Amino acid sequence: MKLRFAPSPTGHLHVGNARIALANWLFARKSGGHLLLRLDDTDTQRSRQDYAEAIEEDLRWLGLDWDELVRQSDRLDRYAAAAEALKASGRLYPCLESEEELAFKREQQRRAGRPPLYDRAALKMTPDQLSRAMANGKVPYWRFKLSNTTVEWQDHVLGRRAVKLSAISDPVLVRADGSPLYTFTSVVDDLDMGITHVIRGEDHVTNTGIQLDLFAALGGDPRKLAFAHLPLLTDADGGPLSKRIGSLSLRQLRRDGIEAASITGYLAGLGTSNDPAPGAPRDLLPGFDLGAVSHSSPRFDPRQMMGMNRKLLHALPFAEAAPRLPEGATQAFWDAVRGNLDTLPEAKHWWEVVQGHIAPIPQPDEAEYLAHARENLPAEPWDDTTWTAWTEALKAISGRKGKGLFLPLRRALTGEDQGPDMKQLLPLIGRARTEARLAASLQP
Ligand code: GLU
């Protein structure tokens, strides 16, 4: 089995791309197949080297690897040769119509209530007409003559699928400047590289009809190529995810402190009945089954992904968190704060709270209570029994209980209304800091 993940380096990978990459990786690794990373970079206007590098980096960060890297820009000679072969067999024909002419024709068709299909006028052009036009400085671009058939395949996700080629305009495969288009280069590569399974987004279903026809025209056997189209993700309200895609790039999520395994675990569960759980790609292998992916578009809900991240951090051992925690952070610190984090970088704030400075919350109404609290601070050493001992004593003195007993102390000691368990935080803050913070909160 041979698979490929084929991003175009025209931007950063987002969660939608990551889902496709992950599905290809899981399928390849589960079946012992070979996985290509193919950079679809023939669009020289939009492709960028820094995006290509970022794609590799983001995939590695997710925990994905590949067996071979192919750049389409290295294969231009091969595409040119394939184009010549198609010209020779009469399947690739020159066209001269400008974009304006084509738009005008489409408008006329629309008015006549007909579908805006390319009318193949260029096929009627004689060699003479073509050479005269070229002598006048016109340069042709090239269209593929689609068969008059309906292409069918058994999709691994969508089930039986058919694309009626007579309802589609002959696609342009080669631009006037000689550069080949994705529709074409992808098929040449799938054929040359012996790809057996194409896993990609549902937005490519029509392409699959065209590409299977092209595959056959290039001498391939379409039966050797299996397809799985994953329904596209929608946003939490069911709308297209594309609107929000900038904030859902892997770069941005990583910057926001989301763990890779929260993303992969969440994506792998989408559209399946599996209970979503965080997991690095290799941990997701046992539960992976392309056949169990639903036909309908799953919702991508960032809040659910964040929930996954919380779950992951809650269970993350100190040894794994330590390299990314502030210098000096201890196991006790991690145990105290991890249950309270949305993202790991937030630990820095709690490290400031226990070891650095806080922004005091003025509590003028609590002066008397806080003065009692200060006078009754237990002697050192402090451990996780200290908080209970201290607050029990304060309860007896003040007659307070619940929130009235605890909240002024939490505010004075952490500068926050909420946070990790005070039992665990208090010994980390230590007696000297506790005393100083109580004193500070007594200042008018
Ligand atoms: N470069 C194409 C894309 O990013 C690849 C689609 C395919 O897998 O064939 O949509």
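Each residue, glycine too, has its Cβ placed from N, Cα and C.
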Of the residue ranges 7-17, 106-116, 293-303, which one carries the motif ''HIGH' region' annotation in TrEMBL?
7-17
Of the residue ranges 240-244, 270-274, 275-279, the one that TrEMBL records as motif ''KMSKS' region':
240-244
Same-chain Cβ contacts of the motif ''KMSKS' region' (240-244) under 8 Å, 6 or more residues past its ends?
15-16, 232-234, 300
